[in-house]
Amino acid sequence: MTLRIPPGTPVLTAQAMRDAEQACFDKGVAQGELMERAGAAVAQAALRFAMDRSILVLAGPGNNGGDAYVAARLLAERGHDVTVAALGGKRDGAAEEMRQRWTGNTVPLEQAEPRAVLIDGLFGTGMSRPIEGAVKAALHRLVAAAQFSLAIDLPSGLDTDSGGDMGAARVDVTVALGSLKPAHLLGYGLERCGHVLLADIGIPISPEVVKLARPRLTPPAPDAHKYSRGMVVVVEGEMPGASRLAARAALHGGAGYVLLAGTGSADAGPDALVHARVDDAKALHDLLDDARVGAVVIGPGLGRSEAARAKLEAVLAAPHPTVFDGDALTLLGEGATQCFAKRDAVSILTPHAGEFARMFGKNGRGKIERTRDAAADCGAVIVHKGPDTVIGGLTQLTVANAGTAWLSTAGTGDILAGLVGARLAVEGRCGVCHAVWLHGRAAELAGAAFAADRLIRHIPQAIEECL
Ligand SMILES: NC(=O)C1=CN([C@@H]2O[C@H](COP(=O)(O)OP(=O)(O)OC[C@H]3O[C@@H](n4cnc5c(N)ncnc54)[C@H](OP(=O)(O)O)[C@@H]3O)[C@@H](O)[C@H]2O)[C@@H](O)CC1
Ligand SMILES: [K+]
């Protein structure tokens, strides 16, 4: 059982999990054997928390319920007072076998009395529709009354692939079986799963999606100079505070030279920031005619005027890897896909949910699929921001959970854009994921109720942890 989810842990959709399980069966592993391993992992986790308290195990009609019966049997064998609250009668295959092997106390779900410890094995990856009526009422009543609750694989009532809510109750601990699922990291799942533990039940996994890992960064080469370290141009906008935050984040994110292209006024520090006067799109075009530029950042505080649009056009036409954020994305709106598909240079887009919807529309699919498809259509890397950031367009889709909910404050997005620019200039496209990790870690280090300015100070400390 893994207590801390290790870096690069695979994240599998419900279908990918079923495929992985099937591959296991094809190699001769019996379904009952996997279910025994799953139930044993759940029992092991429950033992840690149950102490000598009585346990109620909710067992649903599918394989999640099969795992529940195994866990109930193993916990009873260890001397615990266990009752199963069952939903449905006869089952199929291994789940039915496990039901029959359970000889202890069983009551219908709706008539169950609360116990101190609750194990939720009603539904897992097979949730096909919202939980309703008496089943939902019983689930919520029993979870709320328990002193400690643990979900098998997923809290019942979570959509596996999107983390959408289909009637789930929040549990204290979730034991993910075989692999993480998107719902452990996305949407409502972030709150409903409680603390997530990962149980390896011996299913070989080849991941399409991974959980963001702490990067390994290298310090500058001995012969490095300010341009070889990575030169970043941040385009100043009509709200200069936002672009200054981005520029300062780029400076603290490891870039060798950061140039703020705008009013040219250096009255707001730090002094290491180079200010260039750029009055219009023509001047910006001329400034970008410089092969030393490693990355451009445009969007934070850019504004939405015609002058802003002209600057955006100049950046789009330049050959440099570029981070497009905030107003740059809003200005492009529905035209974004076409615009980026035409662009040869590396484009990194950092939309939040609203900007993403304005560019790519809204539909019922999950965040992972929508990000993956938009990145493919654009030929760009997309950092789809939120408490559950999804990064698409690199070799592997990556999901990152915000280091802390305190990140939800004005200016932190501008800082991320600058940091992505820095890591892009220093390391190329792989630096995008590194920037997202550093941003989350800096937030953890910044503690409670920080203002965005203070977040920047912690970026070097986060980098140091990766050297
Ligand atoms: N595959 C394996 O060997 C292994 C799988 N493992 C475990 O299996 C879990 C996946 O199992 P699963 O596919 O059987 O789905 P599961 O989540 O139990 O639910 C399906 C049942 O619920 C029903 N149902 C759905 N929604 C409903 C609703 N709203 N209200 C009422 N009923 C509803 C649905 O009915 P139907 O939609 O068919 O009408 C069906 O009867 C996985 O999470 C892991 O725990 C591990 O043991 C490792 C080995
Ligand atoms: K469950």
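Count begins at 1; order follows the chain as displayed.
Glycine is no exception: its Cβ is also placed from the backbone N, Cα and C atoms.
These features come from TrEMBL:
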| type | residues | note |
| --- | --- | --- |
| BINDING | 63-67, 124-130, D153, A242, G301, H352, D414 | (6S)-NADPHX binding site |
| BINDING | N64, D120, S156 | K(+) binding site |
| BINDING | K385, G386, P387, D388, T389, G413 | AMP binding site |
| DOMAIN | 17-209 | domain 'YjeF N-terminal' |
| DOMAIN | 209-466 | domain 'YjeF C-terminal' |
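Looking at N63 ((6S)-NADPHX binding site) and S156 (K(+) binding site), their Cα atoms lie 13 Å from each other. Residues near H352 ((6S)-NADPHX binding site) in space but far in sequence (CB under 8 A, at least 6 apart, same chain), listed by position: K385, G386, G413. Separating the Cα atoms of S156 (K(+) binding site) and T125 ((6S)-NADPHX binding site) is a whole-number distance of 9 Å. Highlighted here are the binding-site residues (N64, G66, D120, S156, P387, T389) whose C-beta falls below 6 Å from ligand 2: N64, D120, S156, in sequence order. It is 8 Å from the Cα atom of N64 (K(+) binding site) to that of D153 ((6S)-NADPHX binding site). Within 10 Å of the C-beta of T389 (AMP binding site) we count 25 further C-beta atoms, all protein chains included. Summarising model confidence by region, the domain 'YjeF C-terminal' (209-466) averages a pLDDT of 93. With the fewest other C-beta atoms within 10 Å around its C-beta, S128 stands out among the binding-site residues N63, T125, S128, S156.
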